[in-house]
Amino acid sequence: MSLLFLLLLLHELMPGTQGLSLCGWRTQESGGNKLQYSAGSGEDTFTVVNTEKALIVYSPFLSSNEIVLQPLRGTYLFCVHWIPALGIFNFTYGVTKSHIMQTSPQTRSNLLQPTPPSYTCDSSTLLFDVTINGQPLNNSCNFTFPLLSTATDMKNVEHDISQVADYLDKNHFSGKGRMLRYWIETVLSNVTIEENSHHFGKGSLQAAVYKLNSSDVLISLPDCLGVSLSFPKQLMETVNTGTRLHVVRILDSGALFQDAANNTVVDSQVIGITFEGTQVSNLSEDIVITFHHQPLQVNSSPVCVFWDELSENWRMDGCNTVPGEVRTECRCNHLTYFALLMQISSEVIPEVHLVMLSVLTFAGCSISAVSCFFTIIWICCSRKMQSNPTLQIHLNLLGAVLLLDLSFILSAVLGALEERSLCISSAAVLHFALLCTFSWMAIEGFNLYRLVVKVFPASSVTTIKLALVGWGVPILIVAAVMLMDQESYGVSSIAVERPSFHNSTASM
């Protein structure tokens, strides 16, 4: 419903969908190497006038500007391509190409230029071998054509769609995706096709129109657009006989279907499926859309989504995904623009493996913690502890290992609660305990070096100074991380395959 509302709104705001391409040969005199284009007034007309000083283009939806062409005198081939509904104005002159992209048409109040005057043609200003949308015209220096509101001729539609596909291939189209989708739907709804189906375009923009004269057309459609479609019989009860089906394939680089999350579309392929003048939603039996794609990465999976025009985001409502190695089925209960999003995830492990590894981990940490605790008690009760620096270093290392064991077990428990403040705190303590274990292991190595290599150790290195290093450096590192980027600490999730539930996660 939102898509239909927006299309009706755009219908009132946008100029005609018909595109024009005027090509020919121009004789350039000295100082006449200019292209001038500006807004005209009066009727919606497209005018090309050649003078000795410049080649001039008038249209109600252009802004005033000028381009300097090739400076040499001579005869040059030129083409002016103009699609007002998309704001595309492309001019080709010899080997020089200038692309001017208009994102929105000019309003009538801004049309200050007068209606272009008529010019007297002479031999120096005549344009030769002129064609309009491929059809030959008589030689002249002044050409005026109405901007029609709709396109009906198949050749014109093929030409316009090919032009837009060329812009998309070269990433020159900077207009809004909503305007492009409206333009495609309008053009396909008005084009006259002689057979039951017709395919338009190539490259980044392709479209197909099907006349629904029988239910056999809906059961299965060919793979001409790189996608297979299968419709339920229930749909024929909703769609009137004679209604046309539009299938559009857009290779989007991200500009036309860009959501807030910057999601990645598999193979940049977006498929639009609509029935002319009919909204299809909430079907009891799903429509099956089969995407063919390259093999995906090991740690990624496809997700079927559709484009929501109101929120301008990809959504998954009403769509189920049946993934495969090189083809993915999307089973949806409505029609609009669909795509596959790349969902990056960690490797999924079976639940039985998670349980076994968790038992081993917690058992190992518990045994280590108990052993460290009783060893610390034994060292504290030793009479030599106060006078033996080596025992004091052992005591600190055991304390660090005990803290690491306890914080590791605690982080798994608190991670399941998914409480942000508790998670950040436990993650910071776990980081601190791990760094303390590393630092006291290094101090143990330094002490061993003093005992074996340095027979008479220097008295300046005391246990207190070593304790400041062993416990102080980790505190500084954790504090620095907290100040620079607190989001470094958070929940770490592991994808788990649970037989009785959908794929879920274990957190710490």
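Quick reminder: no glycine exception, Cβ is built from N, Cα and C everywhere.
According to TrEMBL, the features are:
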- 1-19: signal peptide (SIGNAL)
- 208-348: domain 'GAIN-B' (DOMAIN)
- 354-381: transmembrane segment (TRANSMEM)
- 357-508: domain 'G-protein coupled receptors family 2 profile 2' (DOMAIN)
- 393-417: transmembrane segment (TRANSMEM)
- 429-452: transmembrane segment (TRANSMEM)
- 464-484: transmembrane segment (TRANSMEM)
Positions whose Cβ lies under 8 angstroms from the transmembrane segment (429-452), at least six residues beyond its ends:
389-390, 393-394, 396-397, 400-401, 403-404, 406-408, 410-411, 461, 466, 469-471, 473-475, 477-478, 481, 489
Could you tell me what the rest of the chain brings near the transmembrane segment (464-484), counting residues at least six beyond its ends with Cβ under 8 Å?
393, 396, 400, 428, 431-432, 435-436, 439-440, 443, 446-447
Summarise the model confidence on the domain 'GAIN-B' (208-348) as a single mean pLDDT, whole number.
79
Based on DSSP, tally up the residues of the domain 'GAIN-B' (208-348) by helix, strand and coil.
9 helix, 65 strand, 67 coil
